[in-house]
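K.L.:
Following this message is one structure expressed as structure tokens.
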Amino acid sequence: MRTATYFFIFLNLSLAMFEEPAVYPLPFLATAVVEVLCLLVFLGRLAHFATVTLHSVFWKDTKNICIMVAILLSLTDLAIYGVLRVYGVSSIRWSRIVRPIFLINFAESRQIRRAFRSIRNTLPEITYVFLLFMFSLLMFSLMALKLFGERNLQTAEGLPYFRNYLEIVFDLYVLVTTANSPDIMMPAFDFSSWYALFFIAFVIVNTYIFMSLFLAVVYNNYKKHLKVQ
């Protein structure tokens, strides 16, 4: 039973690779039949579990309610998508986002639920560090706008350099990962080599200090909650 449950969960999640837009697109009818089969198996698994569980216990278990709601939403979305497709109306399968619910909420997935619960309990405790990091990013972006916004600098592609605040925030956010380094600083560096100090300070504060602090907080809190679980 456990192997069959995992197999159909994996099959249900794998449909995302074959449904439009897909890596390997298959006809809608083929993916729909497979999805209905998976949902019937999940429903049968739930019905089997209900026969060996007290009704008062079964209906108080949030996991069972989540599975039933996910099955209902998936069937509703599949029916709506099929009808719209018949009439030539383009739409999307919004119920894809509920498919991981089957992976988490079946009784066999106790270890996955434990890890998920630890992540959920960790998130509120890292909010303060994240807000502090975002404040630093926004302040450095404001400084960059004041330093470079009025100097009419251009990137290597001939685009305006650091003149839009939101674009600056995004570019500096990418710089935290060093993915656009040193390209992002070259227009300013070509104008004056002293401007390199701004980017050096940004990388030290946000990449080396904040990212290390963020990792430490996540690790310590996740480890604490995992130990409690």
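Just so it is clear, glycine is given a Cβ too, placed from its N, Cα and C backbone atoms.
Curation does not apply to TrEMBL; its annotations are automatic.
Take a look at what TrEMBL says about it:
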| type | residues | note |
| --- | --- | --- |
| DOMAIN | 5-224 | domain 'Ion transport' |
| SIGNAL | 1-16 | signal peptide |
| TRANSMEM | 26-44 | transmembrane segment |
| TRANSMEM | 65-84 | transmembrane segment |
| TRANSMEM | 126-145 | transmembrane segment |
| TRANSMEM | 165-182 | transmembrane segment |
| TRANSMEM | 194-219 | transmembrane segment |
K.L.:
For the transmembrane segment (65-84), could you work out the same-chain residues 6 or more beyond its ends whose Cβ comes under 8 Å from its Cβ atoms?
P.N.:
28, 32, 35-36, 39, 42-43, 46, 59, 90-91, 93-95, 98-99, 101-102, 105-106
K.L.:
Could you please provide the mean pLDDT value for the domain 'Ion transport' (5-224)?
P.N.:
88
K.L.:
Please tell me whether the transmembrane segment (194-219) and the transmembrane segment (26-44) touch - that is, whether there are at least 3 C-beta pairs under 8 Å between them, with each pair 6 or more apart in sequence.
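P.N.:
Result for the transmembrane segment (194-219) with the transmembrane segment (26-44) is no.
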